[in-house]
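Down below is the structure, laid out as structure tokens.
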């Protein structure tokens, strides 16, 4: 199937007011349905595709998929349709090799031959270098570079499909992703959540250092995936080591997320920021990053829309 951006019915236009609006999207696997619920309401409030109102979009893992599609001009309903079609197939696969193949097929089918030269806004896709244990952030414009501008290549010369797959490669549940840069360097990558499951700090670094925006002229919207009870393991999952590994991965990513947000609050308290990622404690909300039940995923999306409602007035002040 060929995917393309449909003509938009969202026609509101905004003038340039010198405010740098930043959208940062957390990782969290299938729980990205919550993110889509929040973004659907933001898009409807704005009356225009998100790329037309935000200057920068950064994403990690599931947030990287959404960020890349936003930057290519997709509207939220189109992204939701893609998630509904593909996420259950990827997450229901029974092995790392099968999940990796399903993720690779998804990335190639959706992004095709798109490169970082095709994006319509500033973008950052966060992955983690396996060997050197450092972040690798794929960007589209040399103005976002913090150095080595003379050799800058959009997205390091890597396709969007490969960059997004790397950002989503939650090892050991997915295999590591090997990419080859425009310089001919072979790099082995894993999920960006291992270094910045919440990519807000990297986005603020671009806005303040690379783009040289004053703190007072920046507005940050950081959308998480929500916090949920752990699902009760079935008999087979109790026996298998997989259940403990899922718990450990989720805990690692959540600690990373909260640490990055706390650090952001300390270092950049003067930059107006709204974080949306509510906690849901009812037992029926139990889920994890490998969820593939569409009824449960639709419930997460509904919760995301409700989370928007609790902050609508502040979001309107930031964005309109």
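Note that the numbers count up from 1, one per residue, in the order the chain is shown.
Placed from the backbone N, Cα and C atoms, the Cβ positions cover glycine too.
The feature motif 'GXSXG', as given by Swiss-Prot for the ranges 59-63, 64-68, 69-73, 74-78, sits at 59-63. Here Swiss-Prot gives motif 'GXGXXG' for one range in the set 27-32, 33-38, 39-44, 45-50: that range is 27-32.
Here the motif 'GXSXG' (59-63) has a mean pLDDT of 99 out of 100. The CA atom of residue 61 (active site, nucleophile) is located 6 Å away from the CA atom of residue 191 (active site, proton acceptor).
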